[in-house]
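Chemist: Mind having a look at this structure? Questions to follow.
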Amino acid sequence: MITLYNTLTRQKETFEPIEPGKVKMYVCGPTVYNYIHIGNARPAINYDVVRRYFEYQGYEVVFVSNFTDVDDKLIKRSKELDESVETIADRYIDAFYEDVGALNVKKATSNPRVMNHMDDIINFIKDLVDEGYAYESGGDVYFRTRKFQDYGKLSHQSLNDLKVGARIEQGEQKEDALDFTLWKQAKPGEISWESPFGEGRPGWHIECSVMAYHELGATIDIHAGGTDLQFPHHENEIAQSEAHNHAPFANYWMHNGFINIDNEKMSKSLGNFVLVHDIIKQIDPDVLRFFMISVHYRSPINYNMELVEAAKSGLERVRNSYQAIEEREAIATDIEAQSDYIAEIDKILEQFETVMNDDFNTANAITAWYDLAKLANKYVLENTTSTKVLGRFKEVYQIFSDVLGVPLKGKDSDELLDEEVEALIEERNNARKDKDFARADEIRDQLKEQNIILEDTPQGVRFKRG
């Protein structure tokens, strides 16, 4: 029985899916105007673990995470680089897949892009206007916040208590200062689309509502994202979605905590942004992932090299004990099981499941993994060789590895670097263009030997490590 903390009710609740055996999950993804920073990596890793645990428990998980590819930041970057918004978005979507792939994050069931849902967004807004929940003013379209009586239920604020502040848009053409933008009138030189309200582009909040509705339906099981998105983004999503769909938007809301850098908030003004693209060249991505899950997802986490080194030592401890079990298994001859060890291993697995069932407590799950490593080391020192016991150790190690997404072995020194793989893919593409299919097949086989799988996508050939 899985329980999770629901931000909506501010309490832990037993998870009950809308459809038995299936979890529909939406996670707010990045705005693709730059490489992701470790603040973006945290939800990617945390909710990947949530997904993996649901799958371990036998659920089918439909995991949707969007790309925001229409946004003020992208438009600003487009002007700075003199490149189209789409070109920049494509580049950083590719970079995102590379970065989270290095962190062993499973590919989403779907990664919708705003640009591909523009007609859906326009129709959604039109429906809200027709029902009186939205209105046109000066070329923009706004949501009537006060008309949605439940506004504030996620952030636990009442409409009367809300004040117009830095996080709430202000404008003279609104009926009410609390109203927020659904559609922005086009500005000269900016990307825009034709609509019944005039040429323009959508506001940020409406984008997620529409993509979630299109991909998962009127009501989803779990909506997740960073704590910083709780208000106003998720609050506004609820208002738009429930006004449009006449149904609850999400039954459970999950929010992960902030990341601080050396006990300071990560911000551009402090110049302490840590890009995943850069840091995984200095730190083993497996260590970074292990570090990220060493703290409960709702708690803040402090990033510094001392703590990362501690995570590295912890991961080495787990891997070394697993290697010792493998080495002992290679020379094992006695097949008689030692029931006391089997019972202890199963007790640790039960401990792991208990803490994961309790709001996905990865910090305590890692403690269980350390307990397993300690027991494994004890067993190896006794010079006993029961193949059944060794086999059970390996099974439970693999469960922990699969659920937490941390490989049991580090990358081999002779493993191809990503840059080398990309170069081979480019060479293969050129060989195919030149009709040198023998060379193209040779490269594919070479990559296959390295457990690298090529995938043809609309954006070109991508690869993943098996």
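Cβ from N, Cα, C; glycine included.
The following feature annotations were taken from Swiss-Prot:
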BINDING   Cys28, Cys208, His233, Glu237  Zn(2+) binding site
BINDING   Lys268  ATP binding site
MOTIF     30-40  motif ''HIGH' region'
MOTIF     265-269  motif ''KMSKS' region'
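Burial and contacts for the listed features, if you can.
Modeler: In three-state terms derived from DSSP, Glu237 (Zn(2+) binding site) belongs to a helical segment.
Reduced to three states, the DSSP call for Lys268 (ATP binding site) is coil.
Within the same chain, residues 67-69, 71, 73-74, 76-77, 88-89, 92-93, 95-96, 99-100, 226, 258-259, 266, 273-279, 288, 303 sit at least 6 positions outside the motif ''HIGH' region' (30-40) and bring their C-beta atoms closer than 8 Å to a C-beta of that stretch.
For the motif ''KMSKS' region' (265-269), same-chain residues at least 6 beyond its ends with a Cβ under 8 Å from one of its own Cβ atoms are 37-39, 258-259.
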Chemist: When DSSP states are grouped into helix, strand and coil, how many residues of the motif ''HIGH' region' (30-40) land in each?
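Modeler: In the motif ''HIGH' region' (30-40), the DSSP-based counts are 3 helix, 2 strand, 6 coil.
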Chemist: What three-state class does DSSP give Cys28 (Zn(2+) binding site)?
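Modeler: For Cys28 (Zn(2+) binding site) - judged by DSSP and reduced to three states - the answer is coil.
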Chemist: Using a Cβ cut-off under 8 Å and a sequence separation of 6 or more, which residues in the same chain sit near His233 (Zn(2+) binding site)?
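Modeler: Correct list: Cys28, Trp204, His205, Cys208, Gly225.
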Chemist: Rounded to a whole number, how many Å is the Cα of Lys268 (ATP binding site) away from the Cα of Glu237 (Zn(2+) binding site)?
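Modeler: Per the Cα atoms, Lys268 (ATP binding site) and Glu237 (Zn(2+) binding site) stand 27 Å apart.
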Chemist: Among the binding-site residues listed here, Cys28, Cys208, whose Cβ has the fewest other Cβ atoms inside 10 Å?
Modeler: Cys28
Chemist: Under a criterion of Cβ-Cβ distance under 8 Å and sequence separation of at least 6, what residues of the same chain contact Glu237 (Zn(2+) binding site)?
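Modeler: Long-range Cβ contacts: His205, Cys208, Ser209, Ala212, His223, Phe249.
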